[in-house]
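Take a look at the structure below.
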């Protein structure tokens, strides 16, 4: 799962101007007085992880229902609201009710809509996912989950902006830890827990004494539960939590921005040369990882590893996902947080090659994975996933620490939303291409059966048809391995270029990232 960039989880790094020069000082946090606010942010980010986890679980379900990788690429559009939210973020900043509060104006109705949306999905999701006699309706699923993530992205804008004012200035860096931990918990509940408890085989093998025809929970039931959970929890937040706008100089929040000035502000941010260079880095830095991040898991499912068992592999990594951001934050609190970002890139590129090798040996090491996976293979899988998580979180915490350092709080949530949006877009467009080109780059043929020339085994339905006709599907050339090789080479070339750009943007002073203040003439 790709993360959204946030703030430094360890300590806030502030830049203070000193005449013509800039110097960097560390401001140590003290959460006294902010304990309940931190818990609330943790809860809100956990809620945000629920739609994200469900959006990641659906492709795993679709992979077993005869869809092609091109259709998977089509469904991958559901994550794009987090890359497009910049378009309406200024509206969230500018339009609000002073009585309800700047952020609660959007947070409360958005979370209510997510709840009602999930209740509606619970009644129809089984039909749209297809069955043994009907194929999934990818178009409707894409539209529906795109809409759900649109609401989640709007909630994200509101929570990001609220975090800047809810916490004391010296504690605002803890918002990133709340995001990282909360989103991991929400993702775990709606991805790992859901896939395990929804799996008939897992529940019958490990949780039941009497086998049944379905899992302990169903997807419609899961949507129904979380729909009501969103509605009830949002009601409690609306009644119990009051939003107070800070008016102290250290927060520097502008209170009188209208829609036009909000978009002008966004335009001015984009005109900063430093932002343009940073955006170019963020939009291209994940090309080298796109095949591994987006295709590897689906290839493991295609190789016969049950989706629920892949989900369970993530369980031992939950402590790692929670502790690792806090640990890494200690090394990104200084003046050059992106050094960790650069150090992680070669290891993450190497992991891409390792992941391809793992997919290649899976049919040999775990030929009967549906019933039993060898302990040696499980250990290998967990180690590979752990290495991947270390690389991902190192880059994630590093970049969010840098964002915390350069963000201009005077423009509310717009600045952070811009940075998060560009970061997410930098992961989404390579993911789309990686999924789309797996099928065109793959050469398969049904050998030994009827109509073997026409049948290219491009999906599970065609594969079963080949087997029923007495043939076997053989892959002459798998597009995933070709993509991995191309991405690795491109990633290494990018590192040579990106290293210079990243060191340059880290050397810029505070003035390069702040919007120019309009000086009023004194009469």
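Glycine residues also receive a Cβ, built from the backbone N, Cα and C atoms like all the rest.
Database features (TrEMBL):
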TRANSMEM  38-62  transmembrane segment
TRANSMEM  82-100  transmembrane segment
TRANSMEM  112-129  transmembrane segment
TRANSMEM  141-165  transmembrane segment
TRANSMEM  177-197  transmembrane segment
TRANSMEM  217-240  transmembrane segment
TRANSMEM  269-289  transmembrane segment
TRANSMEM  309-328  transmembrane segment
TRANSMEM  340-363  transmembrane segment
TRANSMEM  375-403  transmembrane segment
TRANSMEM  415-438  transmembrane segment
TRANSMEM  479-497  transmembrane segment
Dominant neighbour of the transmembrane segment (82-100) in 177-197, 217-240, 309-328, 340-363, 415-438, by Cβ pairs under 8 Å: 415-438
Cβ contacts under 8 Å made by the transmembrane segment (112-129) with residues that lie 6+ beyond its boundaries: 51, 58, 61-62, 65, 136-137, 140-141, 144, 147-148, 151-152, 155, 218-224, 226-231, 234
The transmembrane segment (177-197) versus listed stretches 141-165, 375-403, 415-438, 479-497: most Cβ pairs under 8 Å: 375-403
Whether the transmembrane segment (375-403) meets the transmembrane segment (309-328): three or more C-beta pairs under 8 angstroms: yes
Closest-packing stretch to the transmembrane segment (269-289), where packing means Cβ pairs under 8 Å, from 141-165, 309-328, 340-363: 340-363
Close approaches to the transmembrane segment (340-363) from elsewhere in its chain (Cβ under 8 angstroms; 6 or more beyond its ends): 285, 288-289, 291-292, 296, 299-300, 303-305, 328, 331-332, 369, 377, 380-381, 384, 387-388, 390-392, 394-395, 397-399, 402, 480-481, 484, 487-488, 491-492, 495, 498-499, 502
Surrounding residues of the transmembrane segment (217-240) on its own chain - C-beta under 8 Å, 6+ positions past either end: 40, 43, 47, 50, 54, 61, 104, 107-108, 111-112, 114-119, 121-123, 125-126, 129, 190, 194, 197-198
